Amino acid sequence: MYKESPIEQRLRAENTELRAQLAKARLLCATVESSDDAIITKNLSGIITSWNRGAERLFGYTAAEVVGGFVSILAPADRLDEMPTILERIRQGEKVDHFETRRKTKDGRLLDVSVTVSPLYDADDQIIGASKIVRDVSEQKRAELMLRDDEQRMRLATEATGVGIWEWNIITHQIHWDAQMFRIYGITPTPDGIISYSIWREHVAPEDLPQQEAILQNTARQGGQSSREFRILRADTGECRCIHAVETVRSNARGQIEWVVGTNLDVTERKLADTALRESREDLNRAQTVGQIGSWRLDVNRNVLTWSAENHRIFGVPEGTPMSYETFLDTIHPDDCEYVDTQWQAALRGESYDIEHRIVANGQVKWLREKAYLEIDATGKLLGGFGISQDITGRKLAGLALKEANHHKDAFLAMLAHELRNPLASICNAVNVIHLKTAQEPTLNRANGMIERQVKQLIRLVDDLLDISRVSRGKITLQKESVEVAAVIRQAIETSRQPHIEARQHQLKVELPAPTIRVEGDFTRLAQVVSNVLNNAAKYTDAGGTIALAVEQVGNEVVIRVRDNGRGIDPVALNSLFDLFYQVDRNLDRSDGGLGIGLSLVKSLIEMHGGQVEAHSEGRGKGSEFVIRLPCLAAPAALKSVEALGIPPQPFSAQRILLVDDNPDVADSMVMLLTIFGHEVLLAHDGRQAVEVALRERPAVVLLDIGLPGMDGYQACRAMRNGGLSDTLIVAMTGYGQEDDRRKAAEAGFDQHMPKPVDIQALEDLLAALPLER
């Protein structure tokens with residue numbers, strides 16, 4: 001058997017080791033060539049000695065293009081200084097691990113790379129170069145940059161919104177908080193942001209903790225997402241804050257829930273605002289309920305009508321019922337629907353919307369006042385309208401009741417005047433008869449004068465009472481014309497002189513204006529105003545006093561001043577002096593009389609003429625002054641006075657007169673007077689009898705009462721006119737003396753209207769103006 005020599009054995013062993021090293025080298029080369037990383041070798045001069053396929057793919061150069069060239073071809077201009085530094089470290093036998101830098105590709109692109117450089121040794125263990133592994137980390141860098149950006153945005157978002165982020169490891173019970181969480185709870189941040197579960201528990205309000213832990217534990221077991229609100233006590237101030245929390249779960253690689261991740265947001269201010277808003281809405285709802293005022297908003301583009309709770313209650317429509325403009329119109333009373341729609345369409349064109357109308361709510365008719373304004377955007381486009389609905393049913397019913405009461409009051413006053421005028425007419429007529437029959441009896445004349453003055457006072461009181469009623473209802477119509485102020489003053493003085501001024505032995509000083517000073521007004525009413533002021537001065541000045549009346553033109557005004565040296569007026573009473581029924585003195589003896597109507601009537605009539613009246617006094621015992629101001633008319637070019645027209649006096653002639661009155665005393669006393677004056681008097685006591693006598697006897701004058709039994713005076717007058725008495729003077733001689741009564745008399749065919757008691761002189765003047773033959 002052949003036995004190898006020691007040399008052969010050594011050669012075979014070396015050959016086996018060589019084969020093993022060759023296989024190892026081939027494996028290494030294959031590994032290098034198949035690597036995704038760029039693997040490059042270079043000598044200590046920086047010349048590339050090898051270049052694998054990974055390097056070709058990464059940098060775009062083939063091995064033939066770069067082997068034998070300097071490795072600096074891969075460095076951007078701003079990174080060239082890195083090459084000498086790295087080679088120097090290699091010469092020192094130092095390995096450079098995971099050095100991150102930037103390198104340049106063949107087409108000029110810049111790559112983020114991680115470089116590991118190791119020294120290369122020869123057989124003698126001398127450093128002869130370096131092996132470099134270059135890995136492309138561009139995607140990783142981009143991902144890291146995106147992550148940093150996301151983290152930055154999240155940090156900014158959480159800081160801006162106040163949201164804190166937390167993670168709870170349900171296994172270790174450790175909790176990780178971001179910086180905002182520490183700020184919310186008022187806790188000093190820990191270095192790593194880790195706190196224990198027990199610290200969180202300590203700062204949750206004890207009343208809220210059991211429920212919050214139950215929700216958290218349930219989320220940790222079941223997964224999903226939960227949302228909750230609870231209160232905490234801040235660690236630094238002890239202040240109670242409201243927290244809104246949202247959380248979800250995160251599982252580990254085995255699919256087990258390991259983390260609960262969530263957010264906290266301090267919503268204390270929002271909760272306070274919500275509470276304030278809720279209370280404000282509740283207050284508004286209560287105010288609307290108490291005031292019976294609902295609110296609404298109409299979106300004209302979507303035709304959606306939104307009502308407040310009170311509006312639903314007012315209209316009787318359940319809350320939640322879909323509403324539109326058409327359904328709103330369905331609630332309107334049928335008689336008012338067209339009116340409401342017309343007003344709203346006008347509002348859409350820019351007109352105001354402030355109306356009153358009726359609705360039908362659950363079968364009940366209600367009155368509403370609605371007021372609205374349009375809502376327009378910045379471009380001028382109409383969005384809709386916002387308004388209120390006020391239930392004014394009670395006010396309307398009260399107004400109707402008041403109107404009815406006023407109607408009854410007016411009817412009562414008219415009837416009162418009628419009933420008072422009849423006895424006054426009888427007394428007046430009797431006084432005139434006595435005066436005519438006892439002219440030579442001084443004692444009887446004095447007694448008769450007393451009766452006459454008191455009757456005139458009663459007549460004035462009745463007239464004032466009726467006048468103030470008409471003024472308050474706007475029933476007085478002024479017969480305006482160009483009026484000479486001096487004539488007004490003379491008439492007023494004539495009216496007041498004997499019964500008031502002379503009766504109390506006052507001295508009256510008068511400064512009349514020039515005849516050219518005129519105003520536009522109702523002569524009778526203006527004379528009544530001045531007379532009332534004179535009467536007031538006479539009444540409140542002790543006997544033997546002085547009253548001064550002066551008239552002047554000041555600019556465009558006529559100023560009438562009435563001053564007395566009487567009792568004066570307390571300053572506190574001046575503001576109430578012109579109030580209805582107000583009287584300065586309310587003595588039990590009522591020695592001055594009056595109803596407290598005169599000055600109120602003065603103020604109303606002057607204001608109807610566009611003027612003003614005011615009172616002045618320095619106090620009790622210092623007299624008073626009343627000042628009337630009226631707009632002045634420009635002086636006319638050529639005015640003829642009434643006197644200049646020359647109305648010739650008519651010779652007296654007896655007339656054939658039919659007197660009709662159902663009151664025997666009035667009728668008898670008037671017959672006596674007319675007979676004394678020389679007239680022939682026919683008498684009738686009701687309407688039918690009056691018509692029969694008038695058509696049969698054809699009298700020249702008919703003095704006809706209105707309130708007659710059976711056929712009233714209006715009907716009787718029409719019957720007489722229809723019967724051919726077109727030329728007969730028919731005079732309404734009645735206790736009904738209001739404006740409406742005068743209008744009705746004229747419509748019925750009366751020529752004149754004289755309220756009872758008839759002024760006998762005025763009647764005689766009327767009769768004297770008749771032709772001798774009629």
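Cβ coordinates come from backbone N, Cα and C, glycine included.
Keep in mind that what you see is a predicted model, and the values were worked out from it rather than measured.
Taken from TrEMBL as is:
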- 24-94: domain 'PAS' (DOMAIN)
- 97-149: domain 'PAC' (DOMAIN)
- 226-279: domain 'PAC' (DOMAIN)
- 296-351: domain 'PAS' (DOMAIN)
- 351-404: domain 'PAC' (DOMAIN)
- 415-634: domain 'Histidine kinase' (DOMAIN)
- 656-771: domain 'Response regulatory' (DOMAIN)
- Asp705: 4-aspartylphosphate (MOD_RES)
Mean of pLDDT values spanning the domain 'Response regulatory' (656-771): 89
Sequence-distant neighbours of Asp705 (4-aspartylphosphate) in its chain (C-beta under 8 A, six or more apart): Val660, Asp661, Asp662, Asn663, Val666, Gly713, Met733, Thr734
In three-state DSSP terms, the structure that the residue listed as '4-aspartylphosphate' belongs to: coil
